[in-house]
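Engineer: Just passing along the structure, written as structure tokens.
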Amino acid sequence: MVAQLISLRWALFTNGFKRSPWQLVGAIIGALYALGVIVMAGVGLAFLGANSPQLAGSIAVLASAAVVLGWAIIPVFFTGMDGSMDPQRFALFPIPSRTLALGLLLAGFIGVPGLATLLFLMLTSLAYLSAPVALVLSVLGAIVGAFFAQLVARLGISIAGTMATRRGVREVASLLLFIPIAFAGPAIAQVGRNGEAVGSILPAVADWVRYTPFGAFGGLAYSLERGDYLALGLGLIVGVASLILAGWGYTHYLRRAIVTPPRIKSAAAVKGLGWVGRFPATPWGAVAGRATTYWLKDPRYAASLAIVPMLVILYVFVIPSLNSDSADGGFSFALVLGPLIGAVLGFSISADISYDSTAFSSHVLAGVSGAADRLGRVVALMVIGIPLTLLAILVPLGVSGDWNQLPGGLGAGLGALLTSAGLASVASARWTYSVPLPGDSPFKTPPGTGMRMALTQSALFLAILVFCAPTLGFYVASLVTGDPLWSWVTLAVGLVLGIVLAALGVRIGGRWMERRMPELMQAVMVNR
Amino acid sequence: MPPLDPQAAVSLRGLVKMFGQHRAVSPFPLDVPSGSFYGLVGPNGAGKTTTLSMFTGLLRPDAGQASVHGVDVWADPMEAKRRLGVLADGVRLFDRLSGRQLVTYTGRLRGMPADEVDQRTNDLLRVMDLEDAGDKLVVDYSAGMTKKVALACAMIHAPRVLVLDEPFEAVDPVSAANIRDILNQYVANGGTVLVSSHVMDLVQRMCTHVAVIADGQLRASGTVDEVRGGLSLEERFVDLVGGRGTGEGLSWLRS
């Protein structure tokens, strides 16, 4: 049964390529990239191991601990996990939950990230080339560690999934994650100041990390190589205990997941027309009302809103703390915040039609003009985005108290919002890509999305940067010279250029969309 | 093939759609007379939805023409769409809106004035028996309720032609009867309905005309009586389409 689950995963993996050659190209590029990085890291460790075994060993421990920790964090907070092997899908088959759990975990190795992790952990053993017994133990530890990584990833997703029925949990969780980072900032800065100290700090850190569940498997060979048998025993206990505990937790979750089909509590009723009624009764007004409702109600949109407070914390608190001894208290970075958040928010409507999924058919069938569709979405974005961008402009100024920068900040921030809204309006009329489907957990990612999405998004971001360049140029000039004239010029250029580009984006994007409506419709049908 | 018939409510000439090497719909002529209640029947995968998609603007045909009351669909799609009300099968709705919001949304998308939309939305929710559910989100609706609210969306702009893909699927018998009454009245007042269905009995009772499609080809078309030729529509359908088993079942399937 375990073998069958693994071969099912393999079939799903290879069938994904049949749908589009792009996915194959993406997977190959991703695999080559991962392979290159891993091999380079392995070779580096081998060389280091020949010269300074202790340092190499501690790097191996820290690196493998970081990888396992990454599996615990990244799927939950950032990427989500491919839902094609969700335990619920096996609910109707008579498979014992223990067997199912083992099969699903082993199946997790099929795919680039799973294999890359296994390979990377095994290559960290190269740090012990001079100690054969430790080398063997390290390889064994790597295999178990890679398995443990799959286990914590799935356990984390399961726990997050049970909480995710409540909206906003993920956003709060992502925020909580930034608190340790905020505190880590000053610590890293301290270390960075005296570079030589790193060499002596790493072994000290590794000495502690090997007793954590994440570092335990990587730490076994390290302890053995140093002849520290007490630590070896202790590490073994921690490792086995975490494995058992996590395994028990996952099996327990699985058992529950199989008998409780996901049931999302029905949402509260809407009295009257809500946002749909707050806009003019025209096609663009209807689109704006509907899109605003989605911004506020659809968890998939909330993810792009959650990034705003995260960036504020990063730029207003974390980065200044890193550079606290530079002339301006490291604060000048925070002035980037306005344009950055403006650009990110404008960017988020580039996936609008993909998020609509096949509900987009109502626009096609109604014969909505392309410009009305584009304009409505931009208006909704402004309703949500202008207050947030203003916040991102005003908070840093409020903290620094340098209100002379206000006009420049407004010009750069609002200019970036408008510019990227215009460009995103054109882009989303042309390119769609797979996103989590409506009603799906935002933790799920549709398989094989990576490459096409990355290409479209990086091209779009580059375009936004190019079109924002004039405004940003004046903004930088105003920051450098401190001359209020440049600040006012930034405001004028930012607003005028932004409004012109947004209007052009609505018109051009609208024309493209009208011409391509059936093709867009087919694209969202495929993504379903 | 004769030219498009401008008198017909819907006129199709040689629409073709290829999906890779597979020809989903082969060219055939079909005229849906104005004021008819036209049924489109065929087995699963016969090309019904593909055909409907190609003259409602959802899918661009590889070849061929289609017109709605004389307006060429692919030459002037906006004008054609004004005359069409469509219930598409297998597509989502904007289901984070309430039923009332969704119907209003569709009306406003078509550029109708606010008070007219409000009044028609109330009427539609009432006849679809969705008044109580009007303020609930569509995502919380049952399958049948979802179908009904989609039907309301298709009707709000009082189109000249209603195209309904599987309208009665999952709809309870009472609602289905109510909907049939509405459709009959609509046809009596000069509207045209084109409906696809698997349920032969329903088509035989409800429709004036019928077309049978299988493997993307037109097997028969005309008035229901012409097509069935004395048999029941279901018997005639099986004759035309074939594919009935020989009676040898699953010998092991018993308890």
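Cβ from N, Cα, C; glycine included.
Summarising the annotation, TrEMBL assigns transmembrane segment to A:24-49, A:55-78, A:99-123, A:129-152, A:172-192, A:229-250, A:301-319, A:331-355, A:375-399, A:411-433, A:454-479, A:485-506.
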Engineer: Per the 3+ Cβ pairs under 8 Å rule, pairs at least 6 apart in sequence, do the transmembrane segment (A:331-355) and the transmembrane segment (A:229-250) touch?
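Structural biologist: The answer is no, given that the two segments have fewer than 3 Cβ pairs within the 8 Å cut-off.
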Engineer: Within the same chain, where does the transmembrane segment (A:99-123) have neighbours whose Cβ lies under 8 angstroms from its own Cβ atoms, ignoring anything closer than 6 residues to its ends? I mean 6 or more beyond.
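Structural biologist: Contacts with the transmembrane segment (A:99-123): 1-2, 4-6, 8-10, 13, 27, 30-31, 34-35, 38-39, 41-42, 45, 63-64, 67, 71, 82, 85, 87, 90, 139, 141-143, 145-147, 149-151, 153-154, 217-218, 247, 250-251, 254, 258.
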Engineer: What residues in the same chain, six or more past the boundaries of the transmembrane segment (A:229-250), come closer than 8 Å to it by Cβ-Cβ distance?
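Structural biologist: Distal contacts: 101, 105, 141, 144, 148, 151-152, 154-155, 158, 207, 210-213, 216-217, 219-220, 223.
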Engineer: Flag the pair the transmembrane segment (A:411-433) / the transmembrane segment (A:485-506) as in contact if three or more Cβ pairs fall under 8 Å (sequence separation 6 or more).
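Structural biologist: Result for the transmembrane segment (A:411-433) with the transmembrane segment (A:485-506) is yes.
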